[in-house]
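Report on the following structure.
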Amino acid sequence: MAEKTDYKATLNMPRTDFPMRANLPTREPEQLKKWEEMDLYNLVQRATAGRPKFVLHDGPPYANGDIHLGTALNKILKDIIVKHATMAGYDAPYVPGWDMHGLPIELRALKDMNIDRRKIDPLELRAKCYEYAHHWLNVQREQFKRLGVRGDWENPYRTVAPEFEAKEVEVFGAMAAKGYIYRGLKPVYWCPYCETALAEAEIEYNEKTSYSIYVRFPVVDPRGKLPEGSYLVIWTTTPWTIPANLAVAVHPEVEYGVYATEKGNLVVATALAEKFFQAVNLPAAEPVATLKGADLEGITYRHLLYDRVSPVILGDHVTTEDGTGLVHTAPGHGHEDFEVGQKYGLPVLNPVNDQGVFTAEAGPFAGMFIEKANPEIIKALDEAGMLLGQGKIRHQYAHCWRCKNPVIYRATVQWFVKVEGFMDIAKEAMNHVRWIPDWGYNRMYAMIDGLADWCISRQRAWGLPIPILTCSACDEPSFEPKMFEKIAEIFRAEGSDAWWRRPAEDFMPEGGLTCKKCGGRTFHKEKDILDVWFDSGSSHVGVLETRPELTWPADLYLEGSDQHRGWFKSSLLTAVVARDGKPPYKAVLTHGFTVDEQGRKMSKSLGNVVDPADVIKRYGADILRLWVASTDYRHDMALSENILKQVADAYRKIRNTLRYLLGNLYDFNPDTDMVERDDLLEIDRWQMHRLQEVIRKVTEAYREYEYHIVYHTLNNYCAVDLSAVYLDILKDRLYTSAPASRERRSAQTVLYHVADALIRMLTPILTFTAEEAYSHLPKPAGSPPTSQLLMMPQPDPAYLDENLAAEWDRLMELRDAVQVVLERARVDKLIGSSQEAAVNLYASGGEGSWAELLDRHLPDLPSIFIVSDVKLFVGGQSAPSGTYFGEGPGDLSVEVVRAEGEKCERCWNYRKVGAIEQHPTLCERCAGVVLSLNLDNA
């Protein structure tokens, strides 16, 4: 008896070493090692030299602690953009940077040293800070590399580098030369815990419980406008500022009423009277007199705690939204108070020291910390008969961005940038920038419009010193250009530590300095340091203009939406002054913050923090990268365990699609086996048309930075177009055709083009997986060693055929209708697999009938429906009304019956078998293929 033939061995089943299980946490580090061995960054830079430049300037993360989800999101977005730019034909260098000065690092260094900063030599403290910052630079560098981010990691920019510091001095000097740097007494944000001034960008607003008090000041001189026994009523949530009260402000156009009460004749805005009486538990009353705020100007009152007489003044900042419409004014503790006080020549009283403790000027409260003094001040007001009511409120209040404690407004002598002098120049520069999304322009405009002068001095040690020498005789600062040149020269050679090592004379230009005010020749160095936002805000000069591979301005800045008031703003302000009105960037892209699935901010207290290191450990960096691409970054970006699982599921579908494509290309050589367009089967030409549409959509989405569209397009293409339709239809042809037949090579040609295009389009996003797939893809001779050196695919017009696509779209519509009927037959167990079925189609044959289309494609229909046979009945044949029947599109009806014939042992279709004697269990097609393979064992 002849030995039975193993027909399975005659099938072209998929085979590939590209694993089904990704095992990314293990494989990704192996890939990183390979990239390191090939010196990937420099390899790419050499290969792209001479192309047009695309420069994304890295906003420097702070070198303090592990990266968090927001940092990871930011770096991944940048990497997607840079890699796409390379593959789109640009030379796209990426120089990562770090912000390495500043308060958080200094505080941590002091904590580690367990020492009071007043008792340590500044150079010793700075050395510790330098060491601490570089430790975290190295930690973060490895964490960023683990994300798959490609960059010049061995040569990053650092705001502590001598060359950077020298350039920053030059920027400062350029601003000073134009008169935009000055020293002055003004109220600024002050952190009594960190003992330093803060800029607006260093403030965050959090919930705080504060005292809410209503206070009456007895009128001294009513100037004939108020009755005897009148009181001015103010409301405040900062009782500690009452000792510094020097005026009461009213709005000139607001109506005020005089209300006769058991507490005297109380003056409040009529619009707020009802709320006021409720708040202080007084019976509602009608005013005995009304007058405009302008009538109250010049009236005086007595501050009973200090027996001080002060005036009523006018201020447009006064509103009737809350309180009484009369504003307690302390020029030493508020920006608006200070401004209006200057108009009236009020002194600036600031009875609070650097630590937030009252000085002797506060009288009985001297020595008390302001927050602890609040109850004592309230008690004193009550005893003096000034307190009308008290309570507590929850409200948004300014906090220090680093120590998270409440800050105060405090008038001190600080260094400022006179923003008002060039605000209009900055606004004009904004018109030459592309803002992504568009609302970024309005956000930025709001930050610049009416911006208060920028406080740039900090009372700390770890930072770039304010490069100013001041006359020791009259305290007049020097802005001599040659002085700035000398300071920059020394910093370039020695770093800014030289400021603490060298005497002031060393920083003077040749011939010394002469004070322009008093003629003095002796100068001393400024003790304050520069705001870190001045550091990073100067990076466009310190990096873009000093690194030969980069260009000024940058093509793109990309950061979170909080940077409109941070790096975007500080960079714009320094650039328009130092570089003659030009912005430092051509485009600014903004992304949202990371939140949990419910849209809540991530916090340890809520237990909803997602650690990128944990995600990488459990899922791999490519899952994190896919999440970044899948989410519309223009809004806040949600991540949770549930969302991670959804992303991982989408990743598996993409990976399985790649694996299937590669598995069917094991014997395909693109140099010798490619089928020309006109020789492709029609369904394959249709799929090539679909591929061009996908490429076109993805190309446009990449160009517009819309990565969520890239993701959804490719995800749907893999899951629907390929896996659910085309690849399903192809299986019979791929597996059962002769290996080198036109039918199989036609399919493989398409699979190669699809795999090649997918790898290219996925490389910027799934950077590890695309590289892994590329290593398993059959490649033409001369292909680059990494997918990152491939070019992005471009739509090929030769494959775009709208008429063909319209026909096949109709056939796919019919396929959907057939599958509905097949499923009913399967549920009722008429059939098991769809190959046990045959389909009968009934068409009317009239005008607009499907008959012509179906007749032309009749040989293709069994493979399209994945059934054993399809028959078409046109015109007079009446459609059945049996169980397995359904309406198709248009004039079609669909019937499913069991297929006739026997099951072919090789292809499993039901057809006539045994036509070829040597293979009695095979259909004629399969027997012919087997004979051609010379594998007959019969």
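Using the three backbone atoms N, Cα and C, a Cβ is placed for every residue, glycine included.
Database features (Swiss-Prot):
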| type | residues | note |
| --- | --- | --- |
| MOTIF | 61-71 | motif ''HIGH' region' |
| BINDING | GLU559 | L-isoleucyl-5'-AMP binding site |
| MOTIF | 601-605 | motif ''KMSKS' region' |
| BINDING | LYS604 | ATP binding site |
| BINDING | CYS904, CYS907, CYS923, CYS926 | Zn(2+) binding site |
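Structural mapping of features recorded in Swiss-Prot.
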| residue | record | contacts (Cβ under 8 Å, 6+ apart) |
| --- | --- | --- |
| GLU559 | L-isoleucyl-5'-AMP binding site | GLY59, ASN74, GLY566, TRP567, PHE568, THR590, HIS591 |
| LYS604 | ATP binding site | none |
| CYS904 | Zn(2+) binding site | TYR910, ARG911, VAL913, THR921, LEU922, CYS923, CYS926 |
| CYS907 | Zn(2+) binding site | ASP732, TYR735, THR736, CYS923, ARG925, CYS926 |
Seminar exercise, completed: With the cut-off at Cβ under 8 Å and a gap of six or more residues from its ends, the chain residues touching the motif ''KMSKS' region' (601-605) are 69, 593-595
For this session: Tell me whether CYS907 (Zn(2+) binding site) sits in a helix, a strand or coil according to DSSP.
Result: coil
Exercise. Going by DSSP, how much of the motif ''KMSKS' region' (601-605) is helix, how much is strand and how much is coil, in residues?
Worked result: 0 helix, 1 strand, 4 coil
For this session: Specify the count of other C-beta atoms within 10 Å of the C-beta of CYS923 (Zn(2+) binding site).
Result: 27
Problem set entry | Environment of CYS904, CYS907, CYS923, CYS926, the listed Zn(2+) site - residues of the same chain whose CB lies within 8 A of the CB centroid | THR736, GLU905, ARG906, TRP908, ASN909, ARG911, VAL913, LEU922, GLU924, ARG925, ALA927
Problem set entry | Residue distribution over DSSP helix, strand and coil in the motif ''HIGH' region' (61-71) | 3 helix, 1 strand, 7 coil
